[in-house]
Each structure stands twice: as structure tokens, then as C-alpha cells.
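A.B. asks: Shown below is the structure under consideration.
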Ligand SMILES: Nc1ncnc2c1ncn2[C@@H]1O[C@H](COP(=O)(O)OP(=O)(O)OP(=O)(O)O)[C@@H](O)[C@H]1O
């Protein structure tokens with residue numbers, strides 16, 4: 001154990017307000033780790049020195065609030081003193097971290113960015129770069145793979161945050177293809193956003209920070225507008241064919257955005273993946289196909305495997321001849337998250353999408369502490385969703401590729417009951433068993449205005465512009481009540497339902 005914990009700090013503002021407050025003094029290259037129980041929160045302030053949370057630098061004296069059962073760590077390269085207010089269920093300092101290995105990976109990626117940008121600007125490479133590079137210098141396009149609880153998302157955040165902190169104006173594209181996490185949107189979505197400021201980690205419910213998708217521009221931490229597609233389920237095995245197609249759509253959409261942005265392109269792409277991509281079992285044969293979908297769709301040239309020897313060997317064999325495959329260590333700080341926790345996080349995430357993220361002040365500290373002027377942490381914001389009634393006919397709702405409700409006996413003799421996994425099926429809200437009550441729906445961007453360009457499965461390829469929840473179904477009057485944070489009429493729009501249910 002390194003670092004010292006000071007007892008209660010009677011002089012501090014928090015302690016005098018009655019909250020539990022103490023100081024931690026961290027030696028260089030150590031980290032303070034914490035875990036929060038449900039319903040508790042924590043505030044961390046950098047008193048002196050330098051520190052970062054998953055690569056995002058802390059400003060001295062600013063309170064950073066954490067809630068929603070957050071688990072995290074404050075790392076310091078040079079040493080620092082922290083003031084911690086609140087009562088985590090676990091807290092300790094660790095000297096063993098994989099941060100040097102991650103920093104080395106970052107530096108290798110940085111060299112790729114610099115070389116790629118030189119080409120954009122038409123400047124000649126420096127002499128040692130010439131010998132290093134073979135062929136056309138490519139920006140880093142990194143796929144991060146690893147088993148459950150290996151710290152994939154954390155690695156992606158650290159690498160992204162280090163890139164945006166370089167002061168080179170990089171805006172790496174962060175891609176999340178883990179539908180159980182939902183990125184900046186709702187669980188069930190996959191998304192991508194180009195980032196030019198660090199990702200804050202205040203809560204697992206908005207693990208990639210908040211965006212303009214749910215919060216009005218003026219209160220979101222930056223004006224992120226992610227590209228989002230809706231898969232509609234938390235598990236990749238539910239409809240791998242659909243996920244494959246959506247990953248390819250996302251890749252195409254990202255490529256189009258970067259086509260007109262040479263500097264953004266040089267910043268590279270970092271992709272966070274679901275743990276099912278790493279777990280080989282008969283139940284998920286699809287994982288090879290989905291990894292390949294990512295490799296093709298985003299032109300991957302680096303695969304990072306977090307702490308998994310077998311997967312590393314497998315990736316070396318499959319891609320080692322054309323892609324750099326590197327195994328990186330897993331952090332001992334990564335917390336094992338069980339199914340119950342993941343379920344609760346999905347609930348927090350849905351709730352935050354609608355109502356915004358509100359972190360209550362730790363026990364003993366007045367709510368005013370988090371609201372007081374310049375001390376307001378960026379991530380405490382409230383949203384007021386609107387609840388409105390729409391007629392059944394106003395909104396066209398599909399589900400993708402699930403069996404029809406017709407019993408086999410009702411089908412013509414010899415007709416197969418199987419519905420293509422990719423077939424959009426119209427949902428009739430008036431039918432009992434539509435499963436629309438409390439369903440989360442993704443609202444799609446308008447289809448192609450040119451009728452001749454339309455096709456049957458177009459709804460599979462349209463990005464998402466928002467989400468809504470059906471909170472009431474009035475079948476006799478053919479009306480439903482819809483909760484959504486975005487304003488605007490739903491008449492004539494198209495929405496897709498999946499298997500995710502809203503829980504109040
Ligand atoms: N060094 C650390 N100290 C404390 N907590 C950490 C540390 N690194 C990661 N965590 C926490 O551990 C949890 C799991 O990490 P993370 O989400 O990065 O893993 P993952 O491999 O992406 O998970 P999944 O199994 O969902 O794919 C997160 O709550 C994260 O904040």
C-alpha cells in the first residue's frame with residue numbers, strides 16, 4: 001500500500017457542513033480506487049498535484065461528483081493529494097496499474113496519427129519515420145477486444161482521452177458496438193461520436209458522458225451528436241445478422257463523415273466491443289462474423305486484446321498478417337459486474353436519457369453544495385421529458401425479424417413459420433400481445449425523400465434521431481401515451497421496437 005489517508009479534515013468546507021471528508025495523499029504512479037453502493041454518491045476534489053480519471057485530467061479545486069453505483073479510479077503520474085467526500089463501499093490505493101503499458105500504446109497510436117496528418121498536409125516524413133513506416137501511413141483504427149469485466153471500455157476511454165489531451169486538435173471517433181451498454185444513447189443502440197474533449201466518468205449510466213441527444217445543447221458537456229443505430233436488444237446473440245448489418249451501416253456512416261474531414265480522419269477510430277466477441281462457445285458462433293464486420297466496416301489496423309492469451313493467439317492467426325495485434329494487460333482495479341448490476345445500470349441509463357442525470361450530494365452535505373455556482377459539476381443536469389398522446393395511426397411501428405403471432409395451425413399447409421431475422425414486421429398497437437406497453441422505441445431519421453430510392457428493408461438502414469417509451473395504451477380509443485425528451489410531432493414518423501422495457 002502506498003499513499004496516506006488523513007483523518008477527517010475539520011477545516012474543509014465539506015467537513016464543516018457535516019459530511020464525511022478525508023484526504024488521500026497519492027505517490028506517483030498509483031491510483032485511488034472506489035466503489036459506490038446504490039443510493040450513495042461521492043465527491044472528489046484535487047487538492048494539489050496532477051491526477052486523471054481514466055485519462056481525463058482533474059482540474060484543481062473542482063468537485064467531481066459520482067453516483068449510480070459508479071466504480072472508478074483516480075490515477076496520478078506525478079503524485080497528488082485528493083479530498084474525498086462521501087462514503088464509498090470500497091476504497092483503497094493501488095500501486096499496481098497497467099497505465100505504463102496503456103501509455104505506450106497511446107504513444108504508438110500518436111505516432112500513427114502524426115504520420116497520417118503529415119500525408120494530409122503533404123509534408124515529408126522525418127527520417128526516422130521513413131524507416132519505421134511501411135506503405136501508406138494510416139491513422140490508428142483500433143478494435144479493443146476482451147472478455148467480460150476486462151476493462152475494455154476503460155481502455156477505450158483512456159486512449160481517447162489521451163489523444164484529445166495532446167493539444168494537437170485531435171478528435172478521435174469513439175465507436176461503441178456493445179448494445180448492452182448503449183453508449184451515449186439507450187441500451188440496445190450502437191453509436192459513434194467524434195470527440196474533442198475528454199470523456200468524464202461520473203456514472204456507469206452515462207459511461208461515455210452525456211450528449212446533445214438527450215440534453216439540450218446548453219447543458220450537455222459538449223455538443224456531441226453521435227451517429228446511432230438501433231439494434232433493440234442487450235445480447236448480441238439475439239439477432240447477430242441484424243447487428244452485423246448495423247455495424248456495417250455505422251462503419252459506412254462514419255467513413256462518410258470522415259471523408260470530408262481529413263484531420264478528423266487522421267485522429268483515428270477507437271472501437272469498444274461487447275464481451276461476447278471474446279467468449280467462444282457453441283452459443284455464440286457469430287462472434288467471428290461480428291469481429292470481421294468491425295474489421296471490414298472500420299478498416300481496422302490495430303487489434304488490442306485486453307488480458308486474454310487465447311483470444312490474442314486466435315486474433316494473431318486470423319488477422320496477424322495484415323493487422324497489428326497486441327495483447328495488453330488487464331487492470332486489477334476492474335470490478336466484476338454481475339447480471340443484477342448490469343440490469344440496474346440499464347435502468348439508470350434509460351432513466352437518465354429521459355430525465356437527465358442528477359447526482360445527489362453525499363450524506364451530510366446540503367444539496368446546495370452541488371448546485372452552488374461555479375462548483376456545479378458538468379454532469380448534474382435535469383431534463384423534463386414530455387408525455388403526449390398520439391393516435392395509433394400517427395406512428396408507424398416495426399419490430400425486426402421476430403416470429404408472427406399466428407399459430408402454426410393458422411398458416412397455409414406447408415408454409416414455414418420462420419420469419420427472416422431481417423424482416424421488418426409492422427406492429428399493430430391495437431393487437432393484444434403487441435408488447436408495446438412500456439417498450440423502448442427508437443425514432444428513425446426520415447426515409448429517402450426520393451420514392452424511387454426506397455426499398456423494403458430501408459428501416460434497417462436508417463439512423464436513430466431519438467428514443468421514446470410507450471407508457472399507456474388505450475386500445476378502445478386507439479391512442480397511446482408516449483414519453484420522450486425531444487419536442488416535435490411524431491405524426492408520420494417511423495419507430496422500431498426491440499426487447500428493451502422501460503422501468504420506472
Ligand atoms: N482501475 C480501476 N479501478 C476501479 N474501477 C475500475 C478500474 N478500471 C475499470 N474500473 C471499473 O470496472 C468496471 C468494468 O470496467 P469496464 O466497463 O471498462 O469493463 P468492460 O470489459 O468494458 O466491461 P464489459 O464486461 O461490460 O464489456 C467499470 O465500472 C469501471 O469503471
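Glycine too: its Cβ is placed from the backbone N, Cα and C atoms.
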A.B. asks: Between 120-141, 142-163, 164-185, I'd like to know which one TrEMBL lists as region 'Disordered'.
C.D. replies: 120-141
A.B. asks: Hey, which of the binding-site residues 71, 152 is the loneliest by Cβ count within 10 Å?
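C.D. replies: Each of the binding-site residues 71, 152 was scored by Cβ atoms within 10 Å; lowest is 71.
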A.B. asks: Going by DSSP, how much of the domain 'Clp1 N-terminal' (26-116) is helix, how much is strand and how much is coil, in residues?
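C.D. replies: Residue counts for the domain 'Clp1 N-terminal' (26-116) by secondary structure: 18 helix, 42 strand, 31 coil.
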A.B. asks: With the ATP site defined by the record as 31, 71, 149, 150, 151, 152, 153, 154, how many Å span the farthest pair of C-alpha atoms?
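C.D. replies: The widest Cα-Cα gap among those binding residues is 19 Å.
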A.B. asks: Within the domain 'Clp1 C-terminal' (383-504), count helix residues (DSSP H, G, I), strand residues (E, B) and coil residues, in that order.
C.D. replies: 13 helix, 47 strand, 62 coil
A.B. asks: If you draw a 10 Å sphere around the Cβ of residue 31 (ATP binding site), how many other Cβ atoms fall inside it, taking every protein chain shown into account?
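C.D. replies: Looking across every protein chain shown, the total is 23.
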A.B. asks: Suppose you look only at the domain 'Clp1 C-terminal' (383-504); what would the mean pLDDT be?
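C.D. replies: Computed over the domain 'Clp1 C-terminal' (383-504), the mean pLDDT is 84 on the 0 to 100 scale.
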